[in-house]
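Novice: Before I ask anything, let me first share the structure, which is written out below as structure tokens.
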Amino acid sequence: QGIFVLGLPYAVLHSGYSGLLLIVLAAALCCYTGKILIACLYEENEDGQLIRVRGTYEDIANACCKKLCPSLGGIVVNVTQVVELIMTCILYLVVSGNLLSHSFPYVPLTEKTWSVIAFVTLLPCIFIRTLKIVSKLSQLCSLVHFVIIFVVITYCLTQVHQWSWAKFRLSLEFEDFLVSVGVIIFSYTSQIFLPTLEGNMKKPGEFRCMLNWTHFFACILKTTFALTAFLTWGEKTKEVITDNLPSFLETLVNLCLLTKALLSYPLPFFAATEIVYSCISEDNHSNYRSPLLALTVRGSFLLLTLLMAMFTPHFALLMGLSGSVTGAAMTFLLPSLFHLKLKWKKLSFLEKCADISVFILGFLCSLAGIVCSIKGLLEVFG
């Protein structure tokens, strides 16, 4: 349940009834690609039992490319993962600066200065060494998120007398619809973290059940949230729905959003640093547990996210461009491609058709997102 959720009512504004269908479809697709990605971690032994023979997304990629180049797939996946994770971390810093400046408009500080203040609160991330700590922070993040959703939905329910189904659009603008598709799909993405999460579960056999239930409840929550908010504000729905709230509620929700953004930062940060840390230590096992090396990697990444948040112009457009490439690749293209490659002989005809369909859909979404992002960048610079 990321910050993308706050853009869902705006996505419904531009996609109408099809937007509600897309929320359900995206949940089903992302749940499916999560399952086939984890299936690629396992192989059957001589007794027909499934054994976990791979540990990471990188291992899956290397297994698929071992005949061409044993390490090529892992390099591509690691670079893609790190780029997406870093961009996500930077986004949280930029969002934190924006929220602080809007929450305290009477304080004469720029958004970049507020981003630096938010960065200072994130310095303890350097000392995070285990996923257990990250999971506790993510749990708090989820609680804050539910508070935000509860406040917005409660306010919308007080305005139920204004609701009208006539507010839904039947005609669609193609480019606006593509933006809606991007917002809806990327509000569900979590594939980068799934191999690590499944490997750390006490009962990995319950992973598929967990994925079904989490995507089901996420779908219900997102549909309810998007529908009630859009019915409340209609054509006046803003890109971030909290901007539609009355001033007294907007300040409260913005502070909750700030807390959520800061609590969300450690997960992608930890994942990115662990990938780089493992790559650096791969050929030098004596340094793998070196505290100094770990601190250096984490500190470098922390500083990198601040510098890019401070000095990258038009970050939102660049985020859209990189997200269209890396997000679609990690969520749709690679899981379906790897599943076809590793399990081709054991897949039924319908399973092969499903994987191929997901691959084609992911490619089209990625291509459309790239075109829209490049067009936006050309307009800004030209």
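Please read every residue number as a count from 1 along the shown chain.
Note: Cβ is positioned from N, Cα and C throughout, glycine not excepted.
Checked TrEMBL, it gives:
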DOMAIN    1-374  domain 'Amino acid transporter transmembrane'
TRANSMEM  20-42  transmembrane segment
TRANSMEM  75-94  transmembrane segment
TRANSMEM  114-131  transmembrane segment
TRANSMEM  143-165  transmembrane segment
TRANSMEM  177-197  transmembrane segment
TRANSMEM  209-232  transmembrane segment
TRANSMEM  252-280  transmembrane segment
TRANSMEM  292-311  transmembrane segment
TRANSMEM  317-338  transmembrane segment
TRANSMEM  358-378  transmembrane segment
Novice: Going along the chain, which residues at least six beyond the ends of the transmembrane segment (209-232) come within the CB cut-off of under 8 Å?
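Specialist: Same-chain residues near the transmembrane segment (209-232) but 6 or more away: 1, 5, 8-9, 11-13, 19-20, 23-24, 27-28, 30-31, 34-35, 149, 152-153, 155-157, 159, 162-165, 167-168, 187-188, 201, 241, 244.
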Novice: So, do the transmembrane segment (75-94) and the transmembrane segment (143-165) meet, by the test of 3 or more Cβ pairs under 8 Å (sequence gap 6 or more)?
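Specialist: As far as Cβ distances go (cut-off 8 Å, pairs 6 or more apart), the transmembrane segment (75-94) and the transmembrane segment (143-165) do not touch.
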Novice: Which stretch, 20-42, 177-197, 292-311, tops the Cβ pairs under 8 Å count with the transmembrane segment (114-131)?
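Specialist: It is 292-311 that shares the most Cβ pairs under 8 Å with the transmembrane segment (114-131).
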Novice: Quickly jot the same-chain residues contacting the transmembrane segment (20-42) by Cβ under 8 Å, restricted to those at least six beyond its ends, or write none.
Specialist: 8, 11-12, 50-55, 57, 59-60, 63, 180-181, 184-185, 187-191, 194-195, 198, 207-208, 211-212, 215-216, 218-219, 222-223, 226-227, 331-332, 335-336, 338-339, 342-343, 354-355, 358, 361
